Amino acid sequence: MKVSDRRKFEKANFDEFESALNNKNDLVHCPSITLFESIPTEVRSFYEDEKSGLIKVVKFRTGAMDRKRSFEKIVVSVMVGKNVQKFLTFVEDEPDFQGGPIPSKYLIPKKINLMVYTLFQVHTLKFNRKDYDTLSLFYLNRGYYNELSFRVLERCHEIASARPNDSSTMRTFTDFVSGAPIVRSLQKSTIRRYGYNLAPHMFLLLHVDELSIFSAYQASLPGEKKVDTERLKRDLCPRKPIEIKYFSQICNDMMNKKDRLGDVLATAQRIRRRYNKNSSSEPRLKTLDGLTSERWIQWLGLESDYHCSFSSTRNAEDVVAGEAASSDHHQKISRVTRKRPREPKSTNDILVAGQKLFGSSFEFRDLHQLRLCHEIYMADTPSVAVQAPPGYGKTELFHLPLIALASKGDVKYVSFLFVPYTVLLANCMIRLSRCGCLNVAPVRNFIEEGCDGVTDLYVGIYDDLASTNFTDRIAAWENIVECTFRTNNVKLGYLIVDEFHNFETEVYRQSQFGGITNLDFDAFEKAIFLSGTAPEAVADAALQRIGLTGLAKKSMDINELKRSEDLSRGLSSYPTRMFNLIKEKSEVPLGHVHKIWKKVESQPEEALKLLLALFEIEPESKAIVVASTTNEVEELACSWRKYFRVVWIHGKLGAAEKVSRTKEFVTDGSMRVLIGTKLVTEGIDIKQLMMVIMLDNRLNIIELIQGVGRLRDGGLCYLLSRKNSWAARNRKGELPPIKEGCITEQVREFYGLESKKGKKGQHVGCCGSRTDLSADTVELIERMDRLAEKQATASMSIVALPSSFQESNSSDRCRKYCSSDEDSDTCIHGSANASTNATTNSSTNATTTASTNVRTSATTTASINVRTSATTTESTNSSTNATTTASTNVRTSATTTASINVRTSATTTESTNSNTSATTTESTDSNTSATTTESTDSNTSATTTASTNSSTNATTTASTNSSTNATTTESTNASAKEDANKDGNAEDNRFHPVTDINKESYKRKGSQMVLLERKKLKAQFPNTSENMNVLQFLGFRSDEIKHLFLYGIDIYFCPEGVFTQYGLCKGCQKMFELCVCWAGQKVSYRRMAWEALAVERMLRNDEEYKEYLEDIEPYHGDPVGYLKFFSVKRGEIYSQIQRNYAWYLAITRRRETISVLDSTRGKQGSQVFRMSGRQIKELYYKVWSNLRESKTEVLQYFLNWDEKKCREEWEAKDDTVFVEALEKVGVFQRLRSMTSAGLQGPQYVKLQFSRHHRQLRSRYELSLGMHLRDQLALGVTPSKVPHWTAFLSMLIGLFYNKTFRQKLEYLLEQISEVWLLPHWVDLANVEVLAADNTRVPLYMLMVAVHKELDSDDVPDGRFDIILLCRDSSREVGE
C-alpha cells in the first residue's frame, strides 16, 4: 500500500475495501478502525460511485468531544492493488437511523433522514440506495417542487372560491381531524408560505412509482400484524395542523375523495393481500404505483408537459407472464417522456427575438453584430470569445439567442451568465428580464434549490461559478433532470462569462478561480466569453487558466466563418474561436467620449468642482467617481453628502448590500454620484451618466477603458492626478499604470491597432480633439468651459476640504432649494452672518424720481425697484435691498416704515421682520447689528439710525454711505448682498462659491407662475416623459414613423441663432429661474422644437423654408413658444404630410415597385431608362472605379461634377480621417455657400458622417456581399465597392445637386420632392425595375442619370427646355 500524501496510519485494513469493489450489495459494513488523523475514526460504510469512480466513505469520529462536529470531509488517495482510488468522507453527524447510514451520490444522509421523518414520522423505514438517490432529488430541485405546490394551492383556492357553498366541495376541503371547513383559511396571501410546507408531499406523490415505500413500510411493522389504517394515519400523516389541512384536501380531491396518503397505502395493501400467495403481487403493486403517479400528473394539469407511456389497463395475468419472462425480479416501468413538436432553428428567430425586445423597428447595429448573433445561435462552434468595444452591445449578442432558445417548444434550455462583481448582478438582471422575454433568477437559487423548470437564465458572479456546489449540480445534471422532470428535453444551454479577461488580470483573485477548472464544460451546448478589453494574448491566457484549451491558433476573421464537423472532443478540449471586432473595424474605441488628463494640487477638490459644475449645467445627470482605496471612498462620500446625494460601494461591503446600493443608484433618479473602487467601472449601464472621474494613481489601461466605457452615449472623462506623483509602481503580475501622453495612442497599442503617432487622426476624443464627439458632448464641453471662465473671472476658489465628516445626508438640504416658493440666496435661516451682512449697494448709483430702477443702488420716490438696493417712498420693492416707507418688501434687504418685511434685510418702524437683516430706529440689537423700534428682529444683521454698526459698511440718517456713492435722507441702506448660510455654518459659503451657482438650478422652481406654466406644458405634451418624437405627437403610427423618422436631425439642423442661445436652460432655452422643464422629462422641449422645425422643412422647398424662418423670427430664442405655435396647426400639418408623402410611404413602407417603363417622360428623355439592369450596374461600378483611380473628391463630384483631387479621402482608414480630409479641402464650407445646406447649422452636414444613420449603414453593409456577387456574375473584374462613408458622400452630393434633383424628379414620375436628407438616403436604397425587369437599387439609377448629365450626349440647353416644358405642363394642369 502506498499513500500519496505520505501520511502514516497506525492501523489500516484495506481487505474490506478491496472486496467492496466487487461486492454487489448496496450496503457494505466495515468493522475496521482506520486512523485518518490523530483522532480514531470508525468507518461505518462505503461504496463505489459508478460515475465518478470514487469510493465514498461514511466515517464517525469515535473520540470526538463534540458530536455535532464529529464528521469532517477529507479526500485521501491510497493504492488498492493496481488501481488508485479516492476515499471521500461525509461532513455530518451520525444520522438518527436504526439501519445505519447509506451514503447518497448527491447529498449527505442527514437531509434524507430528515425528509423521511418529516413525511412519515418514523425512524424504522429501511430503503435501498435507489430510494435515497430519488429522495435526494428533492433537495437538489426544491425550487421546482415549490412552484408545483404553489400551483396546487392556487387551484384549490380557485375551486373553493368558485363553489363556496357546494357540500361536496366543503367535504373535500375539510380538516379530517376537526371536521371544520378550511376554505376560509386558505387565502392568496398565504399560498406561498404554505406551499413550502407542501413541497415535500408533492415530490413524494409524483415519484411514488420510483420508491419502495409500500413494501418497505409493511416489512417494518412488528410480528404478524399487517396493515393498520390507524397506524398508517399516525405514521404517515404530517403532524403540523397547517400541513394536515392542505395535504388532506388535495389527497381528497385526487384519490376518489379519500383522505391522505394513508388511504392510498391502505388500498395498495389490500391489493397486496389479494395476491399474497404468489410473488406476482409485487409487479401488480408496482403498476398501482405508476397509476397513482399518473393520476397526480393529470390532477395537477401537467398532461401538456408529460405523457405517461405505460398502459393503465394491464391485467394481473399479463403482468405475471411478463414477469416470468424477465430475468430481473423488478419490472421495468416505462419512462414518462415530454411530448412536444420539434422546431428547428432559423436565422429568422434572431430577428423575431429582436422585435420582441426592441419593437418592430429593430435592426442590427452593423453587419458584425448580425453575423455574431447567427454564429452564436446557429453555428456548431462549441466555444466562442468576442472582443468588442464598451458600449457596442455585447449583451445583445447572447441576449437575442437566449430569447430565441426560450421560444422553442421542443426543448427547455437553461443557461447561465456569470459576471465578475456583485455590483453588476442587479443591473444585469434588470436588463435581461425587461419586456418579459426571459425568466431570470440568481444562480444562488439554482445552487440551493436546483432547477425550478421555469427559469431560462441564472445570473451569478465568478465565485458562484467556482463553487463546489455549482460544479456538483452540473455534473449530476442528466440524472437530476431525468428523475425530476421525467424527460431528457431539459438541457443545459449557454455558459456565458462576461468580462472574462479578469481571469488573467485580477491577480489577487486568481486563487478564488481555481474551482472553475472542476466544472464540466462539456455539459453545456456552448460557452460564450465576452470582454471589451481582452486582446488575443490576454484572452488565451484567461481561457487556459480556467482549464480550457485556449484560442484557436489561427485568428479567425468574422467574414470567414467556417463550420467544424469534428466536435467529438468536447467543449473543454476544443479551441475557442476568437472574434475581434475592434481589429475588424479598425476603429479606436471610445472616440465618442471626451477624455481629459489633468494634474492638480488636490484631486478631491478638483473633482468636487467638476461635479458641482456638471449638476449646475445638467441637474438630472449622474456621475461616477473611481477612487484608489476603500478609505478614500468613504471619506469622499462623507464629505460630498452636503452637496448632492451619494452612493458609495467598495469590496468590504456584503454581497446583498452591494446589489442593493447599485440598484438604488441605477433606478433612483435623485441619486447623483456613485463613488467606488474600480469594481464600479465594469458592466454597469446607466442612461443618465455624463461624467466619469478617476482618482486612482495606479490605473492601468484595462481599468481606464472599462471606466470610460460606462459613458455609452458620450460624455466627459477626467483623469485627475496629483502633480509629480503619477508614476506609480505596478504590483507583481499586474498591468503597468497608464503613462502620461496621448490616451488614444495607448488604447491603440493595447488593442494592437496601427499607430498614428504624429499623423492625422491621432487624437480621437482626447488632447482637445472634438471631431468624433456628438453634438451634445461638444455642447456640454463648451458650457463647462464657459462656467469655468465665469468662476475664474469672479475669482471664486475652493478652500481645503473639511477635516470632519458628517454622516447626515444633505439631500434634505437640496430639497429646501426645490420646495420653497419664497426662498432667496439673500435669506438667513437660523444663523448669524459674520462676513458682509448689511453691506453697501453695488452696480449703479443714482438718484431718481418717478422712475424704474433695475439692479441699481438708488434713492427713489414713487417708483418700482426690481433687484435693487434702494431708498423708496410709496413703492413696492421685490427682490431688492431697499429703504421704504408705507411699502411691502419681499425678498429684500430694506429700510422700511410701517411695512411688513418677509425674509428681507430691512430698516423698519412699527414692523415685524422675519429672517431678515434690518435697520430700524432708536434701538440696538446685540448679536445682530440691528436697530429696531416696536419690532421683532430675528437672526439679522443691520445698520441703524443715528448710530454706527460694526460688521457693516453703512451709515444712516443725514450721512454719506461709503462704497455706494449714494445720498440718502433719514434712511439706511443695508445688506445689499449677503453671504447667507441656510444651516448656520457661515464657512460653507466660503468653502465653494459654485454652491451659490448650484442653487440657481433650484431657484427656477420658485415662481408660482413658472409652476403653473410647467403644469400646462406637461398636460399639453404628456409623452415627454417617454422617448417621444414629434411624429408621435402629430399622430403617426409606428410603422409610418419608422420611415418618416428624422434620422440625423439634431440641434445642428437649426440655423445659427435658432434655439441655440447659450447660458440658458438646455431643455427650454429660458433663464434658469424661469425654466419650465420638469423632473423625469426624457425629451426636452428644445428637441421637440427642432424636430418640429424639420417637419416644417419636409413641406417646403428652399425658398419657402427661407421665408418661413423669417416668419418665425420671434420664436428663434423660444422653443417652447414655437411648440405652442406649431401645435395649433397640428391637424393641418398631419394631413399635409399624409398627402405630400403618400408616394414616399407607399415605396418605403409598403414596398410598391417602381418600374422605369412606367415613366413616359423617362423613356422619352433619358437613355438610362432604356438600359437593362446589367448595364446600369456596369455603369455604376465603372463610375466608382474611375473615381478611385483618379482619387477624385466624391461629394464635390456628385454635387457639381467637379473632378477635384483629394488623395487623403481615399487613403483614409476610418471615418474620422475621412471627414478631416473633407474639411481640410473646404468641401463643407463650399457646400453651405452654394446650396441649401446654408439653411442648416454649420456642423449639420459634417455630423451626418458620425453615428446618425446606423440602421441605413447596417443595411448598406449587408448588401456589400451582393455587390461582389453581381460583379462576378457580370464578368467584370471585381473592384472594391465604396465603403459607407464614400457612399454617404455620394448621396449627400446628389441631394444638394439641384440640377440633378430636378431632372430625376422629372424623369422618374413615381417620385416627388423630398427636402430632408434622411428621407433622401432612405429613398435611395429602394429597388427599381430596369427596362429588362431586373431589380437594381435606386442609387445606381441615380448615378447613371448623374453620369448622363455629365456626358456629351445631352445637347446644350436640352435640359432647360425639358424643365421649361415641365413647368408649363404644371401650370396648364393647375
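Keep in mind that glycine also has a Cβ here, set from the backbone N, Cα and C atoms.
Here Swiss-Prot flags 375-552 as domain 'Helicase ATP-binding', drawing on sequence analysis.
Pro389 (ATP binding site): 22 other CB atoms within 10 A of its CB, across all protein chains. Annotated ATP binding site per Swiss-Prot: Ala388, Pro389, Pro390, Gly391, Tyr392, Gly393, Lys394, Thr395, in sequence order.
The domain 'Helicase C-terminal' feature in Swiss-Prot is assigned to 609-758.
Look at Swiss-Prot and you will find 832-999 tagged as region 'Disordered'.
The compositional bias 'Low complexity' annotation in Swiss-Prot covers 832-975.
According to Swiss-Prot, the compositional bias 'Basic and acidic residues' annotation covers 976-999.
DSSP assigns Thr395 (ATP binding site) to a helical segment in the three-state reduction. Reduced to three states, the DSSP call for Ala388 (ATP binding site) is coil. The least crowded of the binding-site residues Pro390, Gly391, Gly393, judged by other CB atoms within 10 A of its own CB, is Gly393. Helix, strand and coil counts under DSSP for the domain 'Helicase C-terminal' (609-758) come to 54 helix, 29 strand, 67 coil. For Tyr392 (ATP binding site), the same-chain residues 6+ apart in sequence whose C-beta sits under 8 angstroms from its C-beta are Arg365, Gln369, Gly532, Leu581.
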